[in-house]
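Visitor: The structure's right below; bear with me while I get my questions together.
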Amino acid sequence: MEVLHKPVLLRESVEFLTENGGKIYVDCTLGGGGHAKEILKKRKDIFLIGIDRDEEAIEIAKENLKEFEGRFSIYKANFKDLDLVLKEEGIDKVDGFLFDLGVSMYQLKGERGFTFQEDQPLDMRMDKEQTLTACKVVNNYPERELIRILKEYGEEKFAVRIAKAIVQRRKKKPIETTGELVDVILSVVPEYYKHGKIHPATRTFQAIRIEVNKELESLKEALEKTPYHFNSKGRLVVITFHSLEDRIVKHFIKEKEKEGIFRIITKKPVTPSEEEIRENPASRSAKLRVAEKI
């Protein structure tokens, strides 16, 4: 699949990660290898461990990192299992973990239901081997559970209306494509909501994607494991794309600072420049936070 994915805050994240002069880094969201490539270019003695749940992205990354053969290992895994990956690699301590959260262009451009711009099967799985899909969430979850997900993970103010409409529609026939789900959403949200800054389906799609992939649980679990695997001055670098992720990261690094485990490097999150947002509108909501192991 020839899709060019533009890594967000690339220069800033790689600089923060590698400026400690370390030798072993973990890219917990390898994707197509955009960040990994820049990390490996930094110094010839760097070894990189890449983790991703997405088989297609891994194949693209292998191709993109060919010139660094022998200087990286790639694992198909959920980043919450980073401790198991390190054990398998025979490494206990590393100099940095990078997390670039959210959906990659490879997933948005594939026929996997991550986008509402095209009519695709309702899937949304980052790991195609897992059984829970967006279709199952939309057609099988009880109304109260749909409301909870839309409120909690989508921060959707019309969660009740949308959930009720989904339940009504699926009684007639299952909702099987992204287009059908968008139609349901558009049928119940007020007119003004259709002309806002973001598409009225954005929050619903985000909420369902987070539920399908258990994104927030995985993030919390992964972050909690990182302090046990840092060398001194190891860096934690995290790029988030919505307030739910950012809150989790902010809370985690503040807690670890209180416990005397981390020093916070970015007092305020780093955000993309106007130029980057112009070139890559998908970067507009990105926030970068960095902490260092004491």
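The chain as shown is numbered from 1 upward.
Backbone N, Cα and C atoms are what each Cβ position is placed from, and that goes for glycine too.
Feature table excerpt (Swiss-Prot):
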type    : residues                                          : note
BINDING : GLY33, GLY34, HIS35, ASP52, PHE79, ASP100, GLN107 : S-adenosyl-L-methionine binding site
REGION  : 273-294                                           : region 'Disordered'
Visitor: Name, in the order they occur in the sequence, the residues of the same chain whose CB lies under 8 A from the CB of HIS35 (S-adenosyl-L-methionine binding site) and which sit 6 or more residues away.
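Guide: In sequence order, PRO7, LEU10, SER13, VAL14, ASP27, LEU98, ASP100 meet the Cβ cut-off.
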Visitor: List nothing but the one residue from GLY33, GLY34 whose Cβ has the fewest other Cβ atoms within 10 Å; the candidates are the binding-site residues.
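Guide: Per-residue Cβ counts within 10 Å for the binding-site residues GLY33, GLY34 bottom out at GLY34.
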Visitor: Please classify the secondary structure at GLY33 (S-adenosyl-L-methionine binding site) using three-state DSSP.
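Guide: Assignment for GLY33 (S-adenosyl-L-methionine binding site) reads coil.
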Visitor: For the region 'Disordered' (273-294), give the DSSP counts of helix residues, strand residues and coil residues.
Guide: 9 helix, 7 strand, 6 coil
Visitor: Using a 10 Å cut-off, grab the number of neighbouring Cβ atoms around the Cβ of PHE79 (S-adenosyl-L-methionine binding site), all chains included.
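Guide: Excluding its own Cβ, PHE79 (S-adenosyl-L-methionine binding site) sees 25 Cβ atoms within 10 Å.
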Visitor: Near ASP52 (S-adenosyl-L-methionine binding site), which residues of its own chain have a C-beta under 8 A away, given they sit six or more steps off in sequence?
Guide: THR29, LEU30, GLY31, ILE58, ALA61, ILE74, TYR75, LYS76, ALA77
